[in-house]
Amino acid sequence: MRIAELYASRQGEGLLTGTSSAFIRVSGCNLRCWFCDTPHASWNPEGAQQSIDSIVADVLRLEVSHVVLTGGEPMLFPEIVTLCQQLADRGLHTTIETAGTIYQDTACDLMSISPKLAGSRPRDGSLSEKWQQQHDRRRWAVDVVRRLMVETPDYQLKFVVDQPDEQLEVQQMVDQLQPDVDPAKVWIMPQSRSTAELDAHESWLRPWCDQQGFQYCDRMHLRWYGNVRGT
C-alpha cells in the first residue's frame with residue numbers, strides 16, 4: 001500500500017473524538033473534493049509503497065490501542081482486508097474513514113462513512129472535464145454506503161456541509177438510506193480549515209442538527225493543533 005504518513009495523534013472528529021490513535025493515511029483517492037484538506041493523499045499523492053507487515057510494525061511501535069485508516073481513500077486498496085485482519089488479531093480497535101464509494105469485504109470496529117455532496121465538485125480549472133464528471137458520478141454510491149453500514153459492527157455517517165442550502169441535500173441522502181440509518185449516527189461537520197470558519201459554520205449548523213436529531217461534528221484537531229500535517 002502507498003502510505004502518505006503514519007503517526008500518533010488524537011481523533012478530532014465524530015464518535016471517538018479525543019481518543020489517542022495511530023493514523024495510517026493511504027495515498028490515492030478516486031474523488032477530487034475542492035475542499036480536501038489532505039491534498040498530499042489525493043490531488044497530489046505522496047508517499048512510498050509499504051508492506052502490510054511493515055505498516056503493522058510501525059503501528060505497534062506507537063503503543064496505542066486505536067487505529068484509524070484514512071486517506072485519501074483506504075478502500076481503493078484490496079490490501080486493506082489483510083491489514084485490518086492483522087490489526088484485529090493484535091487486539092487493536094480499527095476505524096476506516098471512507099467516502100463510501102467502494103466496497104471491500106473488510107472487518108473493522110467503526111466504519112466512518114463520509115458521502116460527498118454535489119457541492120464538493122472540484123473547482124480547479126486545471127482539472128479535466130473528465131475528472132469532474134468522474135467525481136460527480138462516483139461521489140454518492142447509496143448501495144455501497146448501505147452495505148458498509150449494515151455489515152459493520154458500528155458506523156457513523158459524516159457529511160461535510162459548506163452552505164445552508166446543502167441541508168436539504170443531506171436530508172434527502174439520509175432518506176435514501178432508510179430504514180437502515182439511525183439519525184443519531186449522522187454527524188454534520190462544517191467545511192473549514194480554520195477555527196474562524198468552524199465557529200462561523202457552527203452558528204447555523206448546530207441548531208439545525210439539534211432540530212433534525214443529528215450529531216454536530218466539530219473538528220477538534222483544528223482547535224488543538226491548527227491546520228497542519230501529521231495531526
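For all residues, glycine too, the Cβ spot is worked out from N, Cα and C.
Of the residues G72, G91, G213, TrEMBL places G72 in the same S-adenosyl-L-methionine site as F35, C36, D37, S114, P115, K116.
On the backbone, the CA of Q11 (substrate binding site) and the CA of K116 (S-adenosyl-L-methionine binding site) stand 21 Å apart. Across the binding-site residues listed here (G12, G72, P115), the residue whose Cβ sits among the most other Cβ atoms within 10 Å is G72. With C33 ([4Fe-4S] cluster binding site) as the anchor, the candidate binding-site residues are R25, T70, G72, S114, K116, and the one with the nearest CA is K116.
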